[in-house]
């Protein structure tokens, strides 16, 4: 049939030919692809029109946004930021102490970490609403990963040094990702992964606080549900009930700290078994450069912990920043945020701080308090500075049960069951990813849950690539549009023509699958036509509109498909191939094999050409048969 079709195609007028793009130098193509991969937002655009000193000022403003918005700062802005800063300080102080205890670190580190990092972020961050500080999930991860190698009770100095070192490595990783424009790595933590992981981590954190709530002395260092419940029920007879503090903390963290401290002080409750924070050193952050552990055997533990906690902190901080930016209709640069997070954590690791990011609870308070700029972080840092210089003795009698209650009240907001229900309604696979992350954290460990969630997310991406969707297309009546027949019940198939849509690039990972899937579609269509006694199949049209690129394996697949169809006396037709596909088909000579006459701009034009040939061939055959019959009767 191919020769006959080729002869008729010479007489077919095609409205639009699909051209082969003009070849570009390799270096130009490489640089263009590199720019699209790492600089999709074109960060250098703002420097193109500037010269000399003005360009240097632009560069300074790029890395330090404070120089961009500070000249336009007004007193009204300051008044709003002052109120917001004082408000978040009232939350940051008790939360900082609580999260430091959660990380098995001295409580004073929670205050240190709410002083230096917010100042750095105020200069380098691009979010107006993000309130910087320590977070429960990163604190739990730090305690879990470092605790497997070093005991915080038996070797407190080494544990502290490793925490600083892990923070340093986390900051270096974060800044490097931003500078090298590798922020897309964080995107592998999908929304469903973060929802499940945060929910599981919040559950684990709440369970860990049963030690403080119930006053248990010997508590498991494991984070899984079974170990925690076993530890609780084995010591239930030792419980020193103090759950009253939970309801106080639910009202307001700072209020609960003040009231709890007063109750303990006047009732001398610490002499009756109620654990308190104890002595907190007065003064600002001491330097910790000499405390970094940058040599074996413990450096690798700190490196691993820093990389994992750094990625989690980035994902949480950027997600929170983007959420509030959307509410106020402004944009934040993800790569600039990574640089800011990295800088503040490197600076923090050198000033006795541990890992910080932008916690949702604190940022929500900052947003609701009416903050206008990052100056609210400066106000919070100044409030913490005053606390460090003058007020730390007041926290001596703060009971640990209050800190546990503060953590629980903050964590309950991270269990986002509404988001889980939404995932179930919208996308069942995303829901499975979410539940997998949650169960991995709760029944395994924080690391197992994280690895499980990331692996499931990557597996899903690989399945999308390796098993792309291919559908049969039909004509929408009274139009030239061709759409999926499973989506549009009224779409009609074309007699003698099979139209298939490929919805993904063709790579080595899916080339074999697509070849087998095309063969199966053809067999099924031929069986259907045979059963219904309809016109046999003559043409297979592949809609290539969604095929953005193709590699050598994909080209081989196209060549093999062409040969397989020729053996079946079928003609392969391509519709709407992109420039990248046409360029590679041409350079590989596959375009000659298929025939440029069988490449069409749209599916409608391809179907029209095929119908014209089918009709012409059928008419020609009838005329030939009629002429023979007339000759026979004449004889």
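Note that Cβ sites are derived from N, Cα and C of the backbone, with glycine treated the same way.
Automated prediction, rather than curation, is the source of TrEMBL annotations.
Copied over from TrEMBL, here are the features:
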DOMAIN    487-610  domain 'STAS'
TRANSMEM  73-93  transmembrane segment
TRANSMEM  130-147  transmembrane segment
TRANSMEM  159-182  transmembrane segment
TRANSMEM  188-207  transmembrane segment
TRANSMEM  244-266  transmembrane segment
TRANSMEM  307-327  transmembrane segment
TRANSMEM  373-391  transmembrane segment
TRANSMEM  398-415  transmembrane segment
TRANSMEM  435-463  transmembrane segment
Using a Cβ cut-off of under 8 Å, list the residues of the same chain at least 6 residues beyond the transmembrane segment (373-391) that approach it.
66, 69, 73, 77-78, 81-82, 84-86, 88-89, 92-93, 96, 111-112, 114-116, 118-119, 121-122, 125, 127-128, 130-132, 282-285, 366
I'd like the per-state residue tally for the domain 'STAS' (487-610) from DSSP, helix first, then strand, then coil.
63 helix, 22 strand, 39 coil
Determine which recorded stretch among 130-147, 188-207, 307-327, 435-463 has the most C-beta pairs below 8 angstroms with the transmembrane segment (159-182).
307-327
By a Cβ-Cβ criterion of under 8 Å, what residues six or more beyond either terminus of the transmembrane segment (307-327) are in contact with it?
126-130, 135, 137-138, 141-142, 145, 166, 169-171, 173-174, 177, 183, 185-186, 189, 194, 197-198, 334, 337-338, 341, 345, 355-360, 363, 367, 447, 450
